[in-house]
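What follows is a set of notes on a single structure, which appears directly below.
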Amino acid sequence: MNIVVLISGNGSNLQAIIDACKTNKIKGTVRAVFSNKADAFGLERARQAGIATHTLIASAFDSREAYDRELIHEIDMYAPDVVVLAGFMRILSPAFVSHYAGRLLNIHPSLLPKYPGLHTHRQALENGDEEHGTSVHFVTDELDGGPVILQAKVPVFAGDSEDDITARVQTQEHAIYPLVISWFADGRLKMHENAAWLDGQRLPPQGYAADE
């Protein structure tokens, strides 16, 4: 299975995916990594793993649609079976989402539908939440609103900082994102009727781990 990963920053989830491919936990190969930031450390992670890297800077394009058209063109040179967003900090155009419908995954640092968008850890702290977490979902036109596949929960303790919660959530992200990608690679996971399906069973709104 051909995997293309899109990043904007450190690329810790990218590293987890690369490692899972190396150990055959994911039966696939990361063919290319794209970033909208030339200084994203994730590009160096990719280069160290011998993976092709590409940088597309938004300021070189006159619209989001033009950017996404070029991004589609370059991604499709790698014939991806799945496109994985791993901290890609751009809102994608409807044309991009439609082009990769059913094979476009994202990870979001909250227990969706709670806290779509930015600053999720801060919101969890400010609201006094006792648990927080992360969600892997299919991407649709609704921002962070596509069908949830799998969630992982973490506790929030008194005295926690944003950094504490970030570290706790990222540990879970590095476990569940490769797992979901492996389900996709094995043909177990699909999007159908705007819902996530695993092994032929429609998953509930909060995904596989909803009742855990």
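Glycine is no exception: its Cβ is also placed from the backbone N, Cα and C atoms.
For GLY11, SER12, ASN13, GLN170, THR171, GLN172, GLU173, the entry in Swiss-Prot reads N(1)-(5-phospho-beta-D-ribosyl)glycinamide binding site. In the structure as shown, the Cβ atom of THR171 (N(1)-(5-phospho-beta-D-ribosyl)glycinamide binding site) sits within 10 Å of 13 other Cβ atoms.
Annotated (6R)-10-formyltetrahydrofolate binding site per Swiss-Prot: ARG64, MET89, ARG90, ILE91, LEU92, ASN106, THR140, ASP141, GLU142, LEU143, ASP144, in sequence order, evidence recorded as experimental evidence. DSSP gives THR140 ((6R)-10-formyltetrahydrofolate binding site) a coil state; it is part of no helix or strand. Sequence-distant neighbours of THR140 ((6R)-10-formyltetrahydrofolate binding site) (same chain, 6+ residues apart, CB-CB distance under 8 A): VAL97, ALA101, GLY146, PRO147, ASN194.
Under a cutoff of 8 A between CB atoms, and with a sequence separation of 6+ in the same chain, the neighbours of HIS108 (active site, proton donor) are PRO116, THR120, THR134, SER135, VAL136, HIS137, ASP144. Here Swiss-Prot flags HIS108 as active site, proton donor.
Under the heading site 'Raises pKa of active site His', Swiss-Prot lists ASP144.
With ARG64, MET89, ARG90, ILE91, LEU92, ASN106, THR140, ASP141, GLU142, LEU143, ASP144 listed as the residues that bind (6R)-10-formyltetrahydrofolate, the site has a largest C-alpha separation of 19 Å.
In the three-state DSSP scheme, ARG90 ((6R)-10-formyltetrahydrofolate binding site) is classed as coil. Annotated pair GLN170 (N(1)-(5-phospho-beta-D-ribosyl)glycinamide binding site) and GLU142 ((6R)-10-formyltetrahydrofolate binding site), C-alpha to C-alpha distance, rounded: 24 Å.
Closest in space to SER12 (N(1)-(5-phospho-beta-D-ribosyl)glycinamide binding site), of the binding-site residues given as ARG64, ARG90, LEU92, is ARG90, taking the CA atom of each residue. Local packing around the Cβ, expressed as the count of other Cβ atoms within 10 angstroms, is greatest for GLU173 among the binding-site residues GLU142, ASP144, GLU173.
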